[in-house]
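**Student:** Got a structure for you, questions after.
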Amino acid sequence: MHNQYGSIFSITTWGESHGPAIGVVIDGCPAGLSLSPEDFLPAMARRRPGQLHTSPRQEPDLVTILSGVYQNKTTGTPISLLIENKDVSSSSYEQLQHCYRPGHAQFAYEGKYGFADNRGGGRASARETASRVAAGVIAKKILLSQRIETLAFLSGFGTLESKNYPKLSDSLIQQVHTSPFYTLLPQEEIQNLLLLNPDDSFGGVVSFITSPLPIGLGEPVFGKLPALLAAAMMSIPAAKGFEIGAGFSSSQMTGSAYLDAFIADESGVSLQSNRCGGALGGISIGQPLEGRVAFKPTSSIKKPCSSVLKDGTPIAYRTPNQGRHDPCVAIRAVAVVEAMLDLTLVDLLLQHRCTQL
């Protein structure tokens, strides 16, 4: 397995959905950063299950700091964080151990390893992303110390979608964080879709934006900013697509329609538009970073689907009623996308400081 992400500022996540705990080890964090268990509460709450229109699994997701912090200051040594699994219910998975669950990683894991822990998805479960969000809290603290702000929000839910990238502001952050869906979309329309389709699930899109980034983040040629972001976002469970700036729509434009014109004023050189998404040649250029991540519908639904037992016998598979699943994983993925954005930017920020004497 490849459980590490990052170069200078790196994380290693561990644990399974129905194990006693999950966690993450962060290496490369500078010393002297203020950090306490309370710092993790807001971000963990945004990803936590058991809330409106998310999985009913009740996990407090309290973060315990095991190492790397003394007197609420990081020491520069590896930081180890632990999150206990408090609400594990494996009984519904016992009856599923002899069949393949459509859309789940079980078939792939068993084919690769010959054996797999399939309780709640095991290592492939989105439960693993709680560790990423915890690590992202530390990354965000570093970014804020450098006056870099980031935000992710739900920009698509089923057929509802907005492709606009708003300008990042304190009021926008507040609006997203106080929305039950972390979105700028009409909440009533999302609720109606959920009420009209109680046995089905929905896909979604999560957008991310930043304040203007410093020029120079990104390491050509294989460590380009968009390339690393694509890898980070596509590593999130259920992620199915990634774009930066105009993305796929740029393939339908002419060059004259796509190009961002350079302009200059008393503050310096900038772009008149931002269809490039904030990077040229894979390097940040002083513009806001803008991108989107597409998520598939949740695979666990109450409607029947054809499958087979492990001996090849055809069956009509239906998710057990006692199973606990999200109607749309993109809602809780908002916090995960923001965390992976923060982790990527901090790593590139530290790498960039090595490029010039």
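Each residue, glycine too, has its Cβ placed from N, Cα and C.
Annotations for this protein, taken from Swiss-Prot, read as follows:
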- ARG47: NADP(+) binding site (BINDING)
- ARG123, ALA124, SER125, GLY281, LYS296, PRO297, THR298, SER299, SER300, ARG324: FMN binding site (BINDING)
**Student:** Rounded to the nearest angstrom, how far is the Cα of ARG47 (NADP(+) binding site) from the Cα of ARG123 (FMN binding site)?
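**Tutor:** Cα-Cα, rounded: 17 Å.
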**Student:** Within a 10 Å radius around the Cβ, which one of these binding-site residues has the most neighbouring Cβ atoms: ARG47, ARG123, LYS296?
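**Tutor:** For the binding-site residues ARG47, ARG123, LYS296, the Cβ with the most other Cβ atoms within 10 Å is ARG47.
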**Student:** Including all protein chains shown, what's the count of other C-beta atoms within 10 A of the C-beta of SER125 (FMN binding site)?
**Tutor:** 21
**Student:** Given a separation of at least six residues and a C-beta threshold under 8 Å, show me what packs close to THR298 (FMN binding site) in the same chain.
**Tutor:** SER201, PHE202, ALA238, HIS325, ASP326, PRO327, CYS328, VAL329
**Student:** Compute the C-alpha separation of SER125 (FMN binding site) from ARG47 (NADP(+) binding site), stating it in Å without decimals.
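**Tutor:** Rounded to the nearest whole number, the Cα-Cα distance is 14 Å.
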**Student:** Neighbour count, 10 Å Cβ-Cβ cut-off, for SER300 (FMN binding site): what number do you get?
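**Tutor:** Taking all protein chains shown, SER300 (FMN binding site) has 20 Cβ neighbours within 10 Å.
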**Student:** What's the CA-CA gap between SER300 (FMN binding site) and ARG47 (NADP(+) binding site) in angstrom, rounded?
**Tutor:** 19
**Student:** To the nearest whole angstrom, what is the C-alpha distance linking ARG47 (NADP(+) binding site) and LYS296 (FMN binding site)?
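**Tutor:** LYS296 (FMN binding site) has its Cα 17 Å from the Cα of ARG47 (NADP(+) binding site).
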